[in-house]
Amino acid sequence: MQLVKYSASGNDFVIYHTFVKKDRSELAKLLCHRHEGIGADGLIVLLPHSRYDFEWQFYNADGSEAEMCGNGSRAAAHYAYSYGLASKQMRFLTLAGVIEASVEADVVESQLTKPKILDRKIEENGKRWWLIDTGVPHLVTFVEDLNQFDKNESKRLRNKYNANVNYGIIRDLENVGVRTYERGVEDETLACGTGMAATFLRAFEEGVVNPTVTVVPKSGEELQLRYENEKLFFKGRVKKVFETFKEGIW
């Protein structure tokens, strides 16, 4: 089987397509292992679908299946277009719902499923948090310095609320910074698309940023996010890192 490694805003993924739908939790752990496998934040498997260009299975590095991954959706869209599974404009099915994406060279824009505010009144460690679903649940707080990111606090909150944890900083009306602790990876990652989206959405709701902003994660790779007609879009570059072949995968 041909496997392709992609990077999107600092998140990396192993992607392939097949006709067989089955549980691939153990395969995800094997392929995503940083020392004994290819190494990635997640495994994406594309499958044919009767109504959409394709559907996907997305697995975190620990083998857990996730409803959605923002940067993963952009990598998957680029893969699908590059390997003839979809045109430049596509729709595909995730556990969170239908995702729309468009590809132009190495830049991909995805429209996320409709976001939901789950809780506005969380107080933890002297900080106010919001729980927001942008395909997967995210806790969001704002700080004056991203060095205030606390991995131990993030791990505790991730387990308490079963959510990803995001620290955001508002630099000005058009620029936001984010650091994210991701469940499934169980560590801080270089980027998280749905986390960046949740942080932007909360800032926009507060009226402290414009409807179109640049968001910068730990990787330093910029993403453009916009909120338009109650729809959330995000756009950025993706990179095909390499292709490889592995026997016994289907």
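Glycine is treated like the rest: Cβ placed from N, Cα and C.
Here is what Swiss-Prot records for this protein:
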type     : residues                                                           : note
BINDING  : ASN11, ASN60, GLY70, ASN71, ASN164, GLU182, ARG183, GLY193, THR194 : substrate binding site
ACT_SITE : CYS69                                                              : active site, proton donor
ACT_SITE : CYS192                                                             : active site, proton acceptor
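Annotated features taken from Swiss-Prot, shown on the structure.
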residue : record                 : Cβ contacts under 8 Å, 6 or more apart
ASN11   : substrate binding site : ASP41, GLY42, CYS69, ASN71, GLY72, ALA75, THR189, LEU190, ALA191, CYS192, GLY193
GLY70   : substrate binding site : SER110, LEU112, THR134, GLY135, CYS192, GLY193, THR194, GLY195, MET196, ALA197, PHE234
ASN164  : substrate binding site : VAL136, PRO137, HIS138, LEU139, ARG158, THR180, TYR181, GLU182, ARG183, CYS192, THR194, GLY195
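Annotation for the active-site residues CYS69, CYS192: lowest Cβ count within 10 Å of the residue's own Cβ, CYS69.
The DSSP secondary structure for CYS69 (active site, proton donor) is coil. Neighbour counts were taken at the CB atom with a 10 A radius for the binding-site residues ARG183, THR194; the maximum falls on THR194. Here the binding residues for substrate are ASN11, ASN60, GLY70, ASN71, ASN164, GLU182, ARG183, GLY193, THR194. Their largest Cα to Cα distance works out to 15 Å. The substrate site is set by ASN11, ASN60, GLY70, ASN71, ASN164, GLU182, ARG183, GLY193, THR194; from the centre of their CB atoms, other residues of the chain with a CB within 8 Å are ASP41, GLY42, ALA66, CYS69, GLY72, VAL136, THR180, GLY184, VAL185, THR189, ALA191, CYS192, GLY195.
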